[in-house]
C-alpha cells in the first residue's frame, strides 16, 4: 500500500477557490442542506462517505468511481455496499460544473460536504483546506483495510497510525457515530452466542442488550432493522461518548474504546466536555482530510467516471 502523507499537504489551503470559483462552498452547502431536509439520513451518510474515501488511497474521491466491466470499484466492496447518497455529491458537482467548469475536484466536494453536515447538525464548523485532486484508481478489494465494527482497539490504533492519525484522532473521529445508524448485522454477534462463557458481550449494559435483542432477534428477517448509534441521532453532540461510559456503545469497536486504558480517559473527557470534543473533532477532520492527498490526479467532470 502506498505511504500516505502525514504532514499537512503543501498543496492544500483554505482559499484555494477564492479566485477561480468563489461560490463553490455556497453551492455545495445549499445542495447538501436541501438534500438533508428532504432525507434526514443524508448527514450521517455523507460524513461516513468522507471517512471511507479518505481511509482508502487517501482523500481522492476513489469511493465515487463506478465499477466497470474490467474493474470492481471501492463502492462495491463489502463495507461500502451500505454507503449511500452519492446523488448529493453528483448534484453538487453538476451545479459546480455549470458555475466553474473543470475547477472543483470531487474529493474537495466530499470534504466540504462532510464539514457542512456536521455544522448543520449543531456540531462544530471548521475551515476546510482545499486543492485535492481526484484519483483514477478504485479497487473493491482494498476496502478490507477499512476499520470494522468488530475491531478491537489495538487493531483500530494500528489502522489509524498507518494514516498518520493518533489515538486522540481515533477517539475523536469515532464520535462521528453520533449521526449514525447501524443495521443489525454489524452488532448482532454481540447479542447472541458471543462466546463459550457468555451468551452476550459482557461489556454491554444488560438492559440495553435486552432492547437490542428485541430489535435484532436471532433469526432477524427485517433487513431495515437496527439501532441508532446514539440517542440524539440527528444532532451532532457528545451523547455517543456518554453512552459508551454506560456500556451502551452499539458496535463492539465503540465499546472497546472504554475497555482500553489508552483510550478510556479520552472517552471520559469527551463525555464530560462537549466543547473539548468539538475542538478535537474539527482538528482530526482536518488531519483526516490531509491523508494521502495526490498531486498528480485530475479534476473529474463527472464524479462516477474518470475523465
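A Cβ is built for glycine as well, from the same backbone N, Cα and C atoms used for every other residue.
Database features (TrEMBL):
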ACT_SITE  52  active site, proton acceptor
BINDING   53, 58, 60, 62, 74  Ca(2+) 1 binding site
BINDING   147  substrate binding site
BINDING   177  heme b binding site
BINDING   178, 232, 237  Ca(2+) 2 binding site
DISULFID  21-100  disulfide bond
DISULFID  54-59  disulfide bond
DISULFID  106-303  disulfide bond
DISULFID  184-216  disulfide bond
SITE      48  site 'Transition state stabilizer'
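Within 10 Å of residue 303 (disulfide bond), counting CA to CA, the recorded positions 58, 59, 62 contribute 62.
Only 60, 62, of the binding-site residues 60, 62, 74, 232, 237, have a C-alpha within 10 angstroms of the C-alpha of residue 106 (disulfide bond).
For residue 147 (substrate binding site), the nearest neighbour among the recorded positions 21, 59, 177, 178, 216, judged by Cα separation, is 177. Within 10 Å of the C-beta atom of residue 232 (Ca(2+) 2 binding site) sit 16 other C-beta atoms, taking all shown protein chains into account.
Cα of residue 21 (disulfide bond) to Cα of residue 59 (disulfide bond): a distance of 20 Å. Every protein chain shown contributes to the tally, and the Cβ of residue 303 (disulfide bond) ends up with 22 other Cβ atoms within 10 Å.
Each of the disulfide-bonded residues 100, 106, 184 was assessed for Cβ neighbours inside 10 Å, and the highest tally belongs to 106. A straight line from the CA of residue 184 (disulfide bond) to the CA of residue 74 (Ca(2+) 1 binding site) spans 23 Å.
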